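Asker: So Swiss-Prot lists these for the protein:
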- 1-26: compositional bias 'Basic and acidic residues' (COMPBIAS)
- 630-642: compositional bias 'Acidic residues' (COMPBIAS)
- 688-705: compositional bias 'Basic and acidic residues' (COMPBIAS)
- 706-718: compositional bias 'Acidic residues' (COMPBIAS)
- 1-44: region 'Disordered' (REGION)
- 169-188: region 'Disordered' (REGION)
- 625-644: region 'Disordered' (REGION)
- 662-724: region 'Disordered' (REGION)
- 415-447: repeat 'PC 1' (REPEAT)
- 448-484: repeat 'PC 2' (REPEAT)
- 485-519: repeat 'PC 3' (REPEAT)
- 520-557: repeat 'PC 4' (REPEAT)
- 563-595: repeat 'PC 5' (REPEAT)
- 768-799: repeat 'PC 6' (REPEAT)
- 800-834: repeat 'PC 7' (REPEAT)
Amino acid sequence: MSTDKKKEEVPKPETEDLTVKDETKNKDKKKANEEEELSEEDQKLKGDLEMLVQTLLEDDSKLYETTLTQLKEFIKNSTSSMTAVPKPLKFLRPFYPDLCKAYDKWSDKDQKSSLADMLSVLAMTYSDTHQHDSLRFRLLSDTSNIASWGHEYVRHLALEIGEVYNEQVEKEAEDNSTSTESSPQPPHMNFEFSKDVILQLSLEIVPYFMKHNGEEDAVDLLLEIEAIEKLPQFVDENTYKRVCQYMIACVQLLPPPEDISFLQTAYSIYLSELQLPEALSLAIRLGNEDMIRSVFDATSDPIVHQQLAYILAAQRVPFEHPELQEIIGNTKLSEHFLYLAKELNLLTPKIPEDIYKSHLDSSKSVFSSAGLDSAQQNLAASFVNAFLNLGYCNDKMITDNDNWVYKTKGDGMTSAVASIGSIYQWNIDGLQQLDKYLYVDEPEVKAGGLLGIGIASAGVHHDVEPALLLLQEYINHSDTKISTAAILGIGIAFAGSKNDEVLGLLLPVVSNTENSLELAAIAALALSHVFVGTCNGDITTAVMDNFLERTPLELKSEWARFLALSLGLLYLGQGEHVDDVLETINAIEHPMTSAIEVLISSCAYTATGDVLLVQDLLHRLTPKAVKSSDEDEDEDNEELSQEDMNGISAFLGKKENEIAEEPQGNEGADNEMEVDSHQDETTTGENNVKKEENEEEKTEKSEKTENDEEEEDEEESKDEGANDELAYAVIGIALITMGEEIGKEMSLRHFGHLMHYGNEHIRRMVPLAMGLVSVADPQMKVFDTLTRFSHDPDLDVSMNSIFAMGLCGVGTNNARLAQLLRQLASYYSREQDALFITRLAQGLVHLGKGTMTMDIFNDAHVLNKVTLASLLTVLVGLISPSFILKHHQLFYMLNSGVRPKFIITLNEEGEQIKVNVRIGQAVETVGQAGKPKTITGWITQSTPVLLGHGERAELENDEYISYTNNIEGVVILKKNPNFQEEE
């Protein structure tokens, strides 16, 4: 019995008690909430609102108007703080469905309109996703005072407008693509939203945003409804700056054609507000000559015209204006640069040893350079000297020593003489220095003189064009060395000039397919530099004819890459015009077709950040399954090899496996010989039979040799085309992503993966792509990675990594990079090609003693097409480093893209003046409230000064007023009449 009692006394499970406890807790909470909600003030408010709603739900229509007015007052008075849902909206929420039904019953138009006005606000708190009731009732209401409901309501309305518009666009697309069968619509779609009505409402909302510091919201709304061109009418002098800054920042993130329409709208706003330098920057970015003309026509002030001309000159944009031709033609560039050099005390010439610093190299011994070609190292010194003293018009090595040229040999003499042109770059006096070399017997020396004339005249255009007069008579010279040097010189001198006279001279050279491929390729390359980004149809046709008419054997040459590049440069930054050319190329049946297509599309969409195109390029770079070569002999082995090749590791290890297989085969042969030694009779019989068979096979083979050779040629050209495609795809990723910072970061991450998993052709290009993404921007993480790559077992990868280090630090004098390159020079002291590239990289880092840059963008985010074209030419040459080392004159293509990174201030008379400026790191101020600082960590200096990558300058005080907001290059200032000096 006791046990039974104990059993009965066992407590019930705790879960039952918990549920009871939870219920009591919930009841207590509800009571507490009710008490909280129903405080005296709230209870009175709730009672008043319920009474007003009941009045609306009754049939007495006379009271509706006053009741609605009272309700609206309650709501409006509560919306002063939007930290939480306003009490009236909270209390009215349960009545929303009843009020909607009441709206349907009412007949009076004015009363319905007034109720719809209120329901539109209530719908903010009640409406389910995709109902769009707020917008629906707003359109049903005739009242136009949207602003009275406050900022939160207007933003909610703008959000719904965007959603509805996108739904309509999708619906129209579906209607066009699918059959006419009507699909069942959700209930909220029964109300037809008219595009015109939505646009009208949006144009009422935009002015509200503009008045209440919501410029970004206004731009976003007009973007959603595809009406960004309507924006200028709402912008005034107080809002234009923030609006345009936001729009230009958005361009990198927009797909075409919206990016173009944003730039055009920002241009028209700047033009209407007479912000002409900013308008000109956008016109250059769009590449529209009519827009540039409109900027000049917008003012008659000659000083403003001069400032605009200096901006055009810096970007190498040709423009016909008789009074400004000297400035646009860069004829004063040398004068300004030498003024900078004098003020910074840099006129004393340097020699290559000043940057080699061989005396610091402790590991250097008597035997370290044994076996090195001294002529090649002298040639390297010529290049370093040319880059180091570029534009200074004096040096200690070549100009005063005529014998230096003969310390090099063969084609090296051409580059040695041409380096004089680099020393005298932008200065007409350089032509006199080079003239004597045109009367020498050696064709290499004469060719160097011609190339030097082109380099000395790079980007400088006089009325007479002396460089063209001197070079044109050598274009059709019988000696290829002389003719190619003259053509290359013209390409460097007239890069970006769109000179029709040059077109008339060089187009016949490209069109004549009887010329050697080298001559045609160099002529096409020169023309593409002169007409970079112009989509010139005549040059395009001439280059395409070369691809169609030349033999596969000719197109195997590395020069064919420069034909492909010339097409890419013609369409640089012209994504909207490239489709026709790509279609034509696709129609050609040739192994190089796919590679050319990749290069052209990458050039056309440069700096657009096009994610889909980058994905396509990455897809091309992923390893494919590789077919086994002995598939006819053994099917089982073929299956196994294909399975292995599907993995990335096996793909990369293909060569190692082949090498490993060879010794096994030899061992097997030895074993067979041992067995055969025991069977002499059988072997002799077999050998006799084999001899007879071999004789028969030889006769058959001799008949098939021609066909086999043709097939092999086709296969080789296919492989070369595929390899070039991979190389162009890697460069393409860098080209497309170089426009904005996030894209750069992502591309650098991808390059790391490609270096790890890619084949030899991909790995060879990855360092160059990394260098291209960060030209003149020596980030520690980038050049440390490149330093690691510079010790790669593949010497081509190492050389390209070293050159990429030079690109990263071009013109920066970066001490860390200089030290790394000195270490590499010591490491590769026995490897002459790698040492040559290392010397070139050292020359680039110290370009113009640190006063020059090859930065592809300026502070206004304008792409410098001439600079990019010069870099791409050398990078394409470095696909095969041995090729460009043999044709080292191509390195001088870099000279056309070099420009000083100075700030020089002039007064209105054009005289140089000294003004204090602050120089610091540029700060992104887009979308920030108030007037934030545009630079940080600044240092005050007196002009002329140097401006590094990512730096920005501003005037220290108001003593002078600048004619341009972007303080870079040559800036014209005027005295501020209202300036008062501080005591």
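Cβ atoms here come from the backbone N, Cα and C positions, even for glycine.
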Asker: With Cβ-Cβ distances below 8 Å as the criterion, list the same-chain residues six or more beyond the ends of the repeat 'PC 2' (448-484) that contact it, or say none.
Answerer: 316, 325, 328-331, 333-334, 405, 411, 413-422, 424-428, 430-431, 434-438, 440, 490-497, 499, 501-502, 505-506, 509, 516, 518-519, 522, 866, 889, 892, 895-896, 898
Asker: Same chain only, please: residues at least 6 beyond the ends of the repeat 'PC 5' (563-595) with a C-beta under 8 Å from a C-beta of the stretch. Say none if there are none.
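Answerer: Counting only partners 6 or more residues beyond its ends, the repeat 'PC 5' (563-595) has Cβ contacts under 8 Å with 256-257, 260, 287, 517, 520-521, 524-525, 527-529, 531-536, 539-540, 543-544, 546-548, 552, 555, 601-608, 610, 714, 717-718, 720-722, 724-725, 728, 863, 865, 868-869, 872-873, 876.
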Asker: Mind looking up the mean pLDDT for the repeat 'PC 5' (563-595) in the predicted model?
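Answerer: PLDDT averaged over the stretch: 90.
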Asker: What parts of the chain pack near the repeat 'PC 1' (415-447), using Cβ distances under 8 Å and only residues at least 6 beyond its ends?
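Answerer: Contacts of the repeat 'PC 1' (415-447) (Cβ under 8 Å, skipping residues fewer than 6 from its ends): 330, 333-334, 337, 378-379, 382-383, 385-387, 389-395, 398-399, 404-405, 407-408, 453-460, 462, 466-467, 470, 479, 481-482, 484-486, 888-889, 891-892, 895, 898.
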Asker: Give the nonlocal contacts of the repeat 'PC 6' (768-799) in its own chain as ranges (CB under 8 Å, at least six residues past its ends).
Answerer: 730-731, 733-735, 737-738, 744, 747-748, 751-752, 755, 760, 805-812, 814, 816-817, 820, 824, 827-828, 831, 833-834, 837, 853-856, 871, 875, 878, 880-882, 949-950
Asker: DSSP-wise, what's the residue breakdown of the repeat 'PC 7' (800-834) into helix, strand and coil?
Answerer: 25 helix, 0 strand, 10 coil
Asker: Using DSSP, what's the helix, strand and coil tally for the repeat 'PC 3' (485-519)?
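Answerer: In the repeat 'PC 3' (485-519), the DSSP-based counts are 24 helix, 0 strand, 11 coil.
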